[in-house]
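A.B. asks: In case it helps, Swiss-Prot gives these features for our protein:
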{"type": "SIGNAL", "residues": "1-18", "note": "signal peptide"}
{"type": "DISULFID", "residues": "187-427", "note": "disulfide bond"}
{"type": "CARBOHYD", "residues": "218", "note": "N-linked glycosylation site"}
{"type": "ACT_SITE", "residues": "274", "note": "active site"}
{"type": "DISULFID", "residues": "321-335", "note": "disulfide bond"}
{"type": "DISULFID", "residues": "345-368", "note": "disulfide bond"}
{"type": "DISULFID", "residues": "352-361", "note": "disulfide bond"}
{"type": "DISULFID", "residues": "390-397", "note": "disulfide bond"}
{"type": "ACT_SITE", "residues": "466", "note": "active site"}
{"type": "CARBOHYD", "residues": "516", "note": "N-linked glycosylation site"}
{"type": "ACT_SITE", "residues": "527", "note": "active site"}
């Protein structure tokens, strides 16, 4: 659903280890980021083995971390992933459609000469299959539109990603298609469906409540549980970094649009929030790297995302101390302590950016999360909405997540959707911790955005009351980003955002746009903008999908 904070304050022995031989740098370009990710995919074998590689400089960092987190060593020893939850694969006869990636990979287009003959669709797809079934709207009552659910299967690696597709309520033959991704990492996109922007929500009586401001009012939407072992998705193994998840997304979309070509000709967009600020630049880059594809990617949208940690972490102190438009929630001494910690935090993040090494990126995550987020978190306030306290710590401050979990764990719901796991959880904190301990948290995926801007429009929007991925940091990184349109973007003026229906002239936000880059600040909204500002969110999304702020 969002940046999950239960593991923000963990200690890590890997915070102080020497770089492995052959560590790849995450600098510029998608290929270098893929190489760097490969170097961090193997988890630590034992705590003691990792400690043996500690350098004197790393030892100093580790000693500092132990002062900050006294039980860090014990927490590090218990990091290693637990067994996946039980699952039972349904027979092929339970599905209406099965698409084999090997069949798509075998499709060729004959040219006038042998040199001009080429595969119809790029990418290694032979290990992937897609299963789909029609969902009877009358059984669940979430919406009356055509729906499909199913799994993308990576047969070679025992990975199975669950998705739920809703057709547009308006004109599905022509309306765009949107892929929605929640963050975490490790939180189910079905919470986005049933809590934020989907056609229905779950109330305290575990009943469906119609959402008149659903994003599928004017777009067909795919809600995807990813990476594996999130929501209804499952695997015998795990995914611990964003790049590894990117190939699964490309395969899912390729096979889905092959099975359902009636949606393939429409414009396609990727949208998400929170840790999707990591996912989306990588996933979009993966798609665009394949020149022969059946995915008509037109834009990406990131809401209250974690995209550039170096800039984002600079703005935690201002947001908590009264400079983000809301009153201070920390004392002067606490604010000063955050100021004092910032230079070290930024130095560690920069080291992660420069090296791309897990041994640099993990300590940056641990130190900065403790020093820059910890003081706020210890107040008991909602990290996703600075305006109030955390109402339900067992459900990431929102009781509605508990309602959703109860609904999605009902046998009749799981059967209607074809879910193959034994139970549903809104967030898998093993995944969250796994991504953190493999160095993914601080990776500079924002460096992929300039190349995206050369090809497609990018929207960054942020609710102004969020703390964890606050608007100050999101505005800051968009203005710091090095790209060819930087000067014009930074000189662009803000304009008010008002509802297109014009029945209310009071602005619900403000927007600045130049070239392919657009930033929106949404008023009176926390981390989940569609939840706090339902009508405004569907307003700006519909206008964005229609191309209102796209470069001419």
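Glycine is no exception: its Cβ is also placed from the backbone N, Cα and C atoms.
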A.B. asks: Per DSSP, residue 516 (N-linked glycosylation site) is which: helix, strand or coil?
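C.D. replies: Going by the DSSP assignment, residue 516 (N-linked glycosylation site) belongs to neither helix nor strand, so it counts as coil.
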A.B. asks: If I take the alpha carbons of residue 361 (disulfide bond) and residue 368 (disulfide bond), what is the distance between them in whole Å?
C.D. replies: 11
A.B. asks: Report, in whole Å, the straight Cα-to-Cα distance of residue 345 (disulfide bond) from residue 466 (active site).
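C.D. replies: The separation of the Cα atoms works out to 21 Å.
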A.B. asks: Any idea what DSSP makes of residue 345 (disulfide bond), helix, strand or coil?
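C.D. replies: Once the DSSP labels are grouped into three classes, residue 345 (disulfide bond) ends up as helix.
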A.B. asks: Need the DSSP three-state call for residue 218 (N-linked glycosylation site) to compare against my parser.
C.D. replies: coil
A.B. asks: For residue 390 (disulfide bond), just count the other CB atoms lying within 10 A of its CB, please.
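C.D. replies: That number is 19.
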A.B. asks: When DSSP is mapped onto helix/strand/coil, what comes out for residue 352 (disulfide bond)?
C.D. replies: helix
A.B. asks: Among the recorded positions listed here, 218, 274, 516, whose Cβ has the fewest other Cβ atoms inside 10 Å?
C.D. replies: 218
A.B. asks: Measuring Cα to Cα, how far is residue 368 (disulfide bond) from residue 352 (disulfide bond) in Å?
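C.D. replies: That separation, Cα to Cα, works out to 12 Å.
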A.B. asks: Sort the recorded positions 187, 274, 321 by C-alpha distance from residue 527 (active site) and give me just the closest.
C.D. replies: 274
A.B. asks: In terms of DSSP three-state secondary structure, what is the assignment for residue 187 (disulfide bond)?
C.D. replies: strand
A.B. asks: Cα-Cα, whole number of Å: residue 335 (disulfide bond) versus residue 187 (disulfide bond)?
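C.D. replies: So the Cα of residue 187 (disulfide bond) lies 31 Å away from that of residue 335 (disulfide bond).
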A.B. asks: With DSSP assignments reduced to helix, strand and coil, which class does residue 321 (disulfide bond) get?
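C.D. replies: Residue 321 (disulfide bond) sits in coil per DSSP, no helix or strand.
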